């Protein structure tokens, strides 16, 4: 029996599309958009504190709220991408929104009026909406260029996430150096203008690759499909859970030559009631997915995946709470230290370039040396599993907080030794001391963020790739929000460790050590969640290929 002509045409077209060359345009947008976004993230705390006369604590919490909102809004972008638009269109639309709002800027004023604050925050949070949509759709657009069922392309997919982070790191490095220099020396008008141009160029680069992309077709709202499972499961709550998979409803999409079917797992069996066939006539009556009376096994498993992911993402939130401190209090530490390198004075907000440089160097080493070497011992295509990679990052995060406490203790001793506790002048201590804690945390980011992105993309079903990628960013969002809560709670409980505007009199070192201790407890919780997790099992049916293949995903 011959293979249909249109199937050959489809395969040839797929061969011409996707692959590494398509991801070049994704990497370009990732670098340029990150450059624009991250420059705000590292310099706004200085603006709030130095120009708007916010207190140190308010400056930190205002910035972390903005950053948290930006990452949280990726959920909205992921929902739009999976439900209504392709990932490419989502990136373009939200990128245009970010351009329109990027020039929104405050005037320099002492102090800021409520009206000026309203203008500032309106512009900032609209930027957060634009960048949130891009962060949800762009990583998935690049990952879509590789076929997970093809062994060669699956290996390239794992490498893709490393190089995506490499591009993001490169853009972030430009943001904390080049754009911070512009905002410091040329003013915020120029800085916002350059940000707008950068995002416009990002959209242009992404659009140049449109003809070579493998584009996804939105499969309807994943949230609706998940809600249907809960509704039908509750409706069938009095029915016994079947032992045999044949008693549950499943269908194949006849319009697609390649269809992902998820096999039944043994967790959350109560949800299996949503796919119970009451009689042999039920299946023909509901021959398509999306019914409020009968769901498919794949639909049920899609819901189980999301439920299983929640403990993983929640157990990584605290690491990003620690990250928020490096973008707030650590920046303020640099304002009390010697920032000169020869005759050049390093802007405090540019200090995060240190972990970025470490990531920039270590990511290629990890991808080209460590992964192949580890693969020989473990037999795992990615060297180590994604959950193991995240675990390494959490350990490094705890170490970074402990080192931060030690360095802050040394900084305060220098202030006391030189009688400069209440002096506004810089201490005789180089800012590169702070670079140590940044470097360790940079390595933690390299392991954790990439691991989470690849884990959530690989474990999610075909119909919710963007939303799952957005969930990985939510760890950052909740981390930033938790940071604001932690700072306020610690201030109240401790009697004001961070209440003064003078870091030399605050107890910031105690705060860092507290974060280190909680990080250790959080790591133990993560280990329990990772051990409990059950990987999805995929059944791939290709109508022309004959037998059905079963693949257990070990991400």
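Using the three backbone atoms N, Cα and C, a Cβ is placed for every residue, glycine included.
Here the structure is a predicted model, which means the values were calculated and not measured.
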- prompt: Looking at the ranges 346-366, 535-555, which is given as transmembrane segment in TrEMBL?
  reply: 346-366
- request: Could you tell me what the rest of the chain brings near the transmembrane segment (427-457), counting residues at least six beyond its ends with Cβ under 8 Å?
  value: 139-140, 143, 157-158, 161-162, 164-165, 309, 312-313, 316, 319, 322-323, 326, 330, 333-334, 336-339, 346, 348, 351-352, 354-359, 362-363, 366, 382, 386-387, 389-390, 392-397, 399-401, 403-404, 407, 410-411, 414-415, 418, 420, 465, 468-469, 471-472, 475, 555
- prompt: What else in the chain is close to the transmembrane segment (510-533), if you only count residues 6 or more beyond its ends and a Cβ gap under 8 Å?
  reply: 308, 311-312, 314-316, 318-319, 321-322, 325, 329, 387, 390-391, 394-395, 397-399, 401-402, 404-405, 408, 486, 490, 494, 497-498
The transmembrane segment (346-366) versus listed stretches 22-50, 62-80, 160-184, 190-209: most Cβ pairs under 8 Å: 160-184
- request: Tell me, please, if the transmembrane segment (62-80) and the transmembrane segment (190-209) are in contact, taking contact as 3+ Cβ pairs under 8 Å between residues separated by 6 or more positions?
  value: no
Query: For the transmembrane segment (190-209) against the transmembrane segment (469-490), do we get 3 or more Cβ-Cβ pairs below 8 Å once near-sequence pairs (under 6 apart) are dropped?
result: no
Message: Give the nonlocal contacts of the transmembrane segment (387-407) in its own chain as ranges (CB under 8 Å, at least six residues past its ends).
response: 312, 316, 319, 322-323, 325-326, 330, 433-434, 436-437, 440-441, 443-452, 455, 509-510, 512-513, 515-516, 519-520, 522-523, 526-527, 530, 533, 555
